[in-house]
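Annotation comment: TrEMBL describes 78-110, 242-274, 312-346 as repeat 'ANK'.
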Amino acid sequence: MHKSARKDFKFVEIISWQKNKMYALQMEGVDFPHYFIRSRKRQREIEQKLKLKKKLKLEEHHENLVRKMLQFVEDNKGEMPALHFAARVSNVDVCRRLVQQGADVNEKYGKLGATPLHFAALNTAHGDGLIDFFLRKGLWKRPYDRFAILKAACRYGDLEMVKWLLEEVEIDVNLFEEREKVQVLGQAAQESEQLFKRVANTKIKIERRMSLLQFCVMRNRLNAAKFVHAKDGDLINEINEDGLTVLHLAAMFGSVTMCRWLIDQGQNLYAINEKTCANFLHYAAQNTTNGEDIIKAFGKKLRGLVNQTAVKDFAPLHFAMINGPQHDKVAEALLELGADLSVKWNGNNLLHFCIIFRKLKCAKFVHGKDKNQIKEKGGAENTTLHLAANHFEKEMCAWLVKQGADPRELTAGGKSVLESTFSAKAKKFFRFIIKSKILR
């Protein structure tokens, strides 16, 4: 039988059955319309009861689920407030229940004073609903909140949340105060170059009239630097207010990779700062993270500049001594290029330089390389201990005495350390040393 014919046949069967049923009811003396109405009423009552039962069952299931999630929050939040933790890992229902139980939506947590809103910005699954919930609670009171949640989402690489904040919530970075805008761009350059691409205006000038490319280079964000350079190729040739080229900034704050990329774009490795006469090695010696690697990578081409002094008579080796964490490694790299350990600064040798700048570890490094410098006199014919007393630091003076420096030695003018120093602490220290005869 054809499919449509089968449907028609079935319909006739149903109609025939209904007619027969109605005829049978009439034969039994049943008022069919009233019977039909009562039946439909009972059916609706049954359906409503079933719906109510189903609703109650769903509500019970939902309540059990919320309780379990609340227990999870309580068990795992640690020292964090429950509402903050729930905003980060849970949903609106759990946060709403915590608020109903007395949780403070304005409570600050951590050093940055983060609110639950900031943690909601990190919630990839339920962040949009949570932020709507917290905004209705009046949490968006300060401009800083806009910045803070955007910064938080950026920091944790939550690009979907970043997109939502920029498009749906309509956070306009260009309306931020200059300081906040700089912070957002800096955070973007550090953590999320996709965000950086959304908000970057290549013509923006940052602190001290710094260009956006210089900003990226100083934060060693190569991909961000490439993006800015592709949008505006003129920025690479700009020199900052202190006379540094972008390659100088890379040497000072960047990496070998950043420096190599800039050189490939035409930056001059031999460029000299016209204001200070500093060269590439002066800046690389100040790089506290990658200074050694940069000097080793490019130093062979710069041997002729390794002892060149800049304004204030600083040679690259002087900058190495005040480098901090990499002073010894940077200094060794410079010495391998031919840096002169006997370099002078204002009439003082390198050990005196370390003493004046209170760099004990660097003084020990220099003394290990040249034990004669401790015996030499510095500027104004001051002995090593006279210089140390004038820039008094107890540990430095004690170490110098142990290495053989004599506190009774006189200056060219015939004055002892006690007579020449104006430091009360230095006088007290050397009186004790002389009186105790703790001398070598």
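Glycine is no exception: its Cβ is also placed from the backbone N, Cα and C atoms.
TrEMBL annotations: computationally assigned, not manually curated.
Under 8 Å from some Cβ of the repeat 'ANK' (312-346) lie the Cβ atoms of residues 278-279, 281-282, 284-289, 291-292, 295-296, 299-300, 302-303, 306, 352-354, 357, 359, 361-362, 365-366, 369-370, 373, 379, all in the same chain and six or more residues away from its ends.
The average pLDDT for the repeat 'ANK' (312-346) in the predicted structure is 94.
In terms of DSSP helix, strand and coil, the repeat 'ANK' (312-346) has 18 helix, 1 strand, 16 coil. Taking H, G and I as helix, E and B as strand and the rest as coil, DSSP gives the repeat 'ANK' (78-110) the counts 17 helix, 1 strand, 15 coil.
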